[in-house]
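Copied over from TrEMBL:
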{"type": "BINDING", "residues": "Cys81, Cys84, His85", "note": "heme c 1 binding site"}
{"type": "DOMAIN", "residues": "217-338", "note": "domain 'Cytochrome c'"}
{"type": "BINDING", "residues": "Cys232, Cys235, His236", "note": "heme c 2 binding site"}
{"type": "REGION", "residues": "338-357", "note": "region 'Disordered'"}
Amino acid sequence: MVTRLAGAAAALTFILGTIVIGGAWAVGSASEPDRAARLAEFRRPDAIPFPEANPYSQAKAELGRALFFDPILSRDEGRACATCHVPSLDWTDDQPRAMRNDDAPMAVRTPTLVDIAWIERSLGWDGRFRDLESVAYVPITAPANMDMPEALLNERLSAVPRYVEAFRRAFPEAADEARPVTRPRIEQALATFQRLIVAGPAPFDAWVAGETGAVSPAAKRGFDLFTGKAGCDSCHSGHSFTDGSFHDIGTASGDDIGRGRFFPTSTALRYAFKTPTLRNVARRPPYMHDGAARTLAEVVEIYDRGGIDRPSRSRDIRPLGLTAQEKADLIAFMESLSDAGADGPAHKPIPAEPPRP
Ligand code: HEC
Ligand code: HEC
């Protein structure tokens with residue numbers, strides 16, 4: 001039955017393909033029904049996931065936002081989370097690598113926080129953080145970053161009546177506590193706010209929803225390459241264009257072996273870094289964990305060459321032999337993933353119920 005149907009479909013495609021000379025099928029791109037199925041794989045989800053151990057509340061998200069933007073979290077009050085995760089720069093910065101507090105570059109680039117709610121575990125370029133809650137105290141306490149001892153931070157926040165009130169509101173069980181400011185509560189509030197940082201709808205999403213004119217013909221050809229000949233979606237999969245996993249794409253060299261440092265006996269994880277989301281990607285150069293690629297055109301060249309051929313390199317990375325037109329199409333597709341440029345929950349009122357993405 002299945003074979004007979006498939007045979008009939010093939011025959012139909014053959015006939016139509018012969019008739020529609022010069023149409024999309026004649027240049028070998030996928031058929032419309034097949035493309036619809038591929039598009040559906042990138043449909044945006046209906047709800048932001050909040051973990052059971054740290055459910056959403058408006059008061060917690062509001063407190064998290066206040067903390068995220070407040071330089072009181074750094075010892076010299078010189079930097080906040082938002083110093084590097086800048087809302088108007090898609091929650092990253094424009095430096096190849098993040099700046100230490102002595103102005104020397106760190107080892108890696110500041111990742112965007114867009115769609116961070118869906119990266120469930122293994123955060124960081126090398127996956128060193130087990131969940132969103134556990135990230136915050138690394139930048140807060142790092143001597144080269146915010147340089148803030150845990151006890152001093154509690155003391156400082158406890159001396160600000162506005163914060164003491166906000167902690168009591170955000171954590172009802174602390175309503176009667178004299179000192180409601182604690183590390184786990186700071187972590188939970190910051191994480192709750194960050195889960196609201198969700199990409200807004202892009203032209204691509206309108207196309208997924210059925211608006212055929214929402215993106216250019218070049219972007220559509222780029223999507224077919226992305227999910228076809230170029231095989232980008234084997235790693236950049238799902239609505240946020242990441243599998244949340246780690247791969248060596250053949251670019252990194254030098255001392256930083258990424259995820260490999262935690263798995264010294266694994267070949268595949270040597271030089272493996274986390275697949276980044278491609279939401280708003282056209283707007284936030286430079287690229288890669290070390291900011292080594294300055295433009296999307298450079299990124300596409302890297303994939304076209306196939307990177308360094310070595311045992312750790314992913315089997316999904318190989319020279320692609322793209323034409324100039326195909327490279328431009330891939331870039332046009334990535335450009336269709338940009339939202340309207342609103343800076344998400346940075347300035348909008350925090351809603352009572354978790355918003356729909
Ligand atoms: C000096 C700039 C800087 C500051 C300040 C900073 N970060 Fe980051 N952030 C980075 C860098 C660089 C990384 C990547 C670290 C790594 O992968 O080892 C990162 C990673 C993250 C991640 C993981 C993202 C991912 O995709 O896996 C989260 C979440 C995060 N930071 C939140 C925060 C919060 C919350 C604060 C404030 C308490 C903060 N950051 C302060 C630069 C900064
Ligand atoms: C084997 C998995 C894999 C495949 C296939 C793949 N990527 Fe990637 N991509 C990654 C990883 C991992 C990174 C981060 C590498 C790094 O930071 O060094 C990345 C980084 C990127 C970046 C930079 C994003 C940023 O925020 O810095 C872009 C753009 C990108 N890929 C586009 C593509 C395109 C286009 C294709 C297809 C031609 C593709 N990728 C194929 C895994 C993959």
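Backbone N, Cα and C define each Cβ position, glycine as well.
Because the structure is a prediction, the values reported are computed rather than measured.
The binding-site residues near ligand 2, defined by a Cβ under 6 Å from one of its atoms, are Cys232, Cys235, chosen from Cys81, Cys84, His85, Cys232, Cys235. Counting residue by residue with DSSP, the domain 'Cytochrome c' (217-338) contains 42 helix, 8 strand, 72 coil. Summed and averaged per residue, pLDDT over the domain 'Cytochrome c' (217-338) gives 96.
The Cβ of Cys232 (heme c 2 binding site) lies under 8 Å from the Cβ of Leu225, Phe226, Tyr303, Leu330, each of which sits 6+ residues away along the same chain.
Proximity to Cys235 (heme c 2 binding site), defined by a C-alpha to C-alpha distance within 10 angstroms, is shown by none of the binding-site residues Cys81, Cys84, His85.
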